[in-house]
Amino acid sequence: MVDSDLSYITTQTNQRYLHVITWGCQMNVYDSNRMVDLLRPLGYKVTNEAEQADVLVLNTCHIRDKATEKVFSELGRLKQIKDYRKEQGHNTLIAVAGCVAQAEGKMILQRAPYVDIVLGPQTYHRLPKMILDVARKTGNVIETDFPVESKFDFLPAPEEAAGYTAFLTIQEGCDKFCSFCVVPYTRGSEESRPVQAILDEANRLCDLGVKEISLLGQNVNAYHGQGPDGNTWNLAKLAEKLSTIPGLSRIRYTTSHPRDMDDSLIDAHRDLPSLMPFLHLPVQSGSDRVLKAMNRGHTADEYRKIIDKLKKARPDIALSSDFIVGHPGESIDDFKATMQLVKDVTFAQAFSFKYSPRPGTSAALSSYQVAEEEKNERLQELQALLRDQQTQFNQNTVGRQIPILFTNTGRKNGQIAGKSPYLQAVHVNADENLIGQERMVLVEECLTNSLSGSLIHKEGVSS
Ligand code: SAH
Ligand code: SF4
Ligand code: F3S
């Protein structure tokens, strides 16, 4: 479906609106923000009302479950909006971005011909041109190649920060090919951005008021970008440099792979106060047999050793992980080994999933699939243990004085809310003008999903 006028890009007469729906990981959140940055110079303003939008972007995730079906059901809803707006005399452009767009490509246009643009995670820098192409030409536009140019070279510097915390993608793609995972197929091979580009973006974000940056990558600790000195820099060196940016009080990074957790990064947790004592380090399973079948490239004891080193370097470090239960071939003993590893390590939080066969991955072809009922039981047992550990971790912070970076108002009147270094949500009764500052808080109570406390007035942490 094509509209021959240029109304998507005419900005002089009236405001154009953009509505972005984001599913999936933080990298998709980052990508969505960058698409907004790309369209801002064309006169687009973000709206939370899909019905108001001239351009609707659905940024999709392909990692688990019925990802593709979910996309088509959402597209059905967007089509209704497009039809309704048409009746009111407005054109609407629908773009499908992200990992399902990359994986399904043309099939999306075949099943949903009212979609105007399909663009992969590596081609969204071409979105303004694609919108123009749709407006000027005939037919829908598809861009899912892995281009030779890097999209990062074409993205404008952020002009607005959404708040006091921001994501910054430093590395993309994956060469590890875990048996279960679609990411190497949807995001392409591993690439690191040059150090200077990252520093420029981080400085820009801090100028806009950002206090905490989360460095992102599918394998963020495999970062090996070109440094300004001509050498290759690893994540530890990059974090050290970032920690010198005035006003940047917190640095985080995610997601890491145990294979790339080298000593220099562990030491950085000891040496850099702004590197937050929180690490998301997915282990997936505690069974060596399953880890091997998953092609993870390490054993359960190697993971335990990394954790021991981290705890020595930064004794208060809080740990998080991802787990998959019911990977093909996982026996009850393998599952017990996962439970044992959780007991040994103890996690502050974690994500756990039932194995979900993904088209094109090697595990999906295995004939040793675990029964659904069995997966359900294992998941429940694991999640109960992880929940207990999370509650215990949160309860252990009661009575402690912790610096909290306040980022928004709380749910109740007079409350403000923020995050602890360990990524816990904390709220206190305090004046709104403290939002954007980091202050010491005495944690007094552990609630179901958050902590509450009170400000310590003597001496705040630097804001
Ligand atoms: N790069 C990260 C993970 C990215 S995907 C890493 O290497 O750990 C996020 C999480 O989704 C994974 O850690 C895994 O636990 C889960 N996941 C990925 N594919 C899955 C599948 N097919 N079924 C169930 N969970 C899956
Ligand atoms: Fe997927 Fe494995 Fe790569 Fe993580 S390391 S993105 S789980 S293939
Ligand atoms: Fe999903 Fe793609 Fe991220 S599959 S988890 S949006 S890399």
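Yeah, the Cβs are placed from backbone N, Cα and C, and that goes for glycine too.
Features reported for this protein in TrEMBL:
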type: DOMAIN; residues: 16-136; note: domain 'MTTase N-terminal'
type: BINDING; residues: CYS25, CYS61, CYS99; note: [4Fe-4S] cluster 1 binding site
type: DOMAIN; residues: 160-392; note: domain 'Radical SAM core'
type: BINDING; residues: CYS174, CYS178, CYS181; note: [4Fe-4S] cluster 2 binding site
type: COILED; residues: 365-392; note: coiled coil
type: DOMAIN; residues: 395-457; note: domain 'TRAM'
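For the domain 'MTTase N-terminal' (16-136), the predicted model reports an average pLDDT of 93.
Across the fold, the C-alpha of CYS61 ([4Fe-4S] cluster 1 binding site) and the C-alpha of CYS174 ([4Fe-4S] cluster 2 binding site) stand 16 Å from each other. Cβ neighbour count for CYS174 ([4Fe-4S] cluster 2 binding site): 22 (other Cβ atoms within 10 Å of its Cβ, all protein chains included). The two recorded residues, CYS25 ([4Fe-4S] cluster 1 binding site) and CYS181 ([4Fe-4S] cluster 2 binding site), show a Cα separation of 14 Å.
Every protein chain shown contributes to the tally, and the Cβ of CYS181 ([4Fe-4S] cluster 2 binding site) ends up with 23 other Cβ atoms within 10 Å.
Within the set of binding-site residues CYS25, CYS174, CYS178, CYS181, CYS25 have a CB atom less than 6 Å from some atom of ligand 3. Listed in sequence order, the binding-site residues among CYS61, CYS99, CYS181 whose CB lies under 6 angstroms from an atom of ligand 1 come out as CYS181. The highest number of surrounding Cβ atoms within 10 Å, among the binding-site residues CYS25, CYS61, CYS178, is found at CYS178. A Cβ distance below 6 Å to any atom of ligand 2 is met by none of the binding-site residues CYS25, CYS61, CYS99.
Shown for the domain 'MTTase N-terminal' (16-136): DSSP residue counts in helix, strand and coil, namely 67 helix, 24 strand, 30 coil. Across the domain 'TRAM' (395-457), the DSSP tally of helix, strand and coil residues reads 5 helix, 33 strand, 25 coil.
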